[in-house]
Amino acid sequence: MIGTPYTEGARRAMLLGCGELGKEVAIELQRLGVEVIGVDRYPNAPAMQIAHRSHVINMLDAKALRAIIELEKPHLVIPEIEAIATQTLVEMEAEGLNVVPTARATQLTMDREGIRRLAAETLGLPTSPYFFCDTETEFNQAIGKIGVPCVVKPVMSSSGKGQSVIRDVSQSAKAWQYAQEGGRAGGGRVIVEGFIPFDYEITLLTISAVNGIHFCAPIGHRQEDGDYRESWQPQAMSADVLAKSQAIASKVVEALGGYGLFGVELFVKGSDVYFSEVSPRPHDTGLVTLISQDLSEFALHVRAILGLPIPNIHQHGPSASAVVLVEGKSKNIRYQGLADALAAENTQLRLFAKPEIDGRRRLGVALARDKDIESAVNKALDSASKVKVIF
């Protein structure tokens, strides 16, 4: 049962993290009459701007997180980011709190070690070789065992922060220092992974719902500096490789438990599929589904977490997204060129309304459909390039 916002019977959902993905989740929640409470570490975050009300707290502060949940008494807590005091969610879930998809899933995927050990050691899924390291000595030993090229990531980081590829051992010291600076909790543990010379990488959006496991068409994407620049759907792949990908995604999602949409990242090399990472929430590469599907990844996530069935997911054809990425410093961000950006057929634009920029930041995404993937990607890139950001 869903009530009406601001009434005694309202169904209340609390978003922990109010970025651009949380904003789209909030919109879908409101379309189904859910009262939305936004929580983030800074004011006027994108989802806060449309939530029924919002709070600013340090979500890594266990006491502050517990206090705001006890104050609002939400029926659902929806983590949108990793930087959260997840042990508090585990404790409160045991007390009856409904965490989406589960507190365990949120905790396991908060750091790369938990989810990698689940996938490789518990589920026996194919992954790249890896070592976890606490010291620079262990780090150098791991590189010696794995060899170069290899990939280095802080176990707790996002959006490519602290991530680098070592192509020569002379780069080791610099990579260690960069990883120590890029972790969410400051310096600390890192993962060293063997580099898989993959043919392509995909995000397989996988939904666990009351009526079973469902998949969106595979999404291809291009990464740069550890963050996505373009994504497209569908990624061309053989039926055999798709079946292998879906089998891996199903195992991971079922092991994590709960209802919701999961972004499962996979590497494909020939007919082999390797597990990379998983997010127990909508994925940034899945922004393409805002134009490529009748139900976006956000609509699917909300249906699933509300206990509603997932119908057949219709994919509209070759579609792409391209980010509007800007570097600068301002608290007065304005946009020009929108008419040019939207002049072509089957193009859309999402400006995230982030309140400020200090360095490099993703401020929007251009979306496009066309006759084939290459044309759709080029159209999205052209649209994004016409958005002029004024500081």
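Every residue gets a Cβ built from N, Cα and C, even glycine.
Here the structure is a predicted model, which means the values were calculated and not measured.
N(1)-(5-phospho-beta-D-ribosyl)glycinamide binds E20, L21, D284, K354, R361, R362 as Swiss-Prot records it, and from the list E70, E72, E80, E230 the residue named for this site is E80. Each of the binding-site residues E201, D284 was ranked by the number of other C-beta atoms within 10 Å, and first place falls to D284. Among the binding-site residues E20, E265, R362, the ones whose Cα sits within 10 Å of the Cα of E201 (ATP binding site) are E265. Calculated from their C-alpha atoms, the gap between R362 (N(1)-(5-phospho-beta-D-ribosyl)glycinamide binding site) and E277 (Mg(2+) binding site) amounts to 21 Å. Under DSSP, E265 (Mg(2+) binding site) is assigned to a strand (E or B) in the three-state scheme.
Take the Cα of R112 (ATP binding site) and measure to each of the binding-site residues L21, E80, E265, R361: the nearest one is E265.
When the C-alpha distances from R361 (N(1)-(5-phospho-beta-D-ribosyl)glycinamide binding site) to the binding-site residues G162, F195, E265, E277 are tabulated, the minimum falls on G162.
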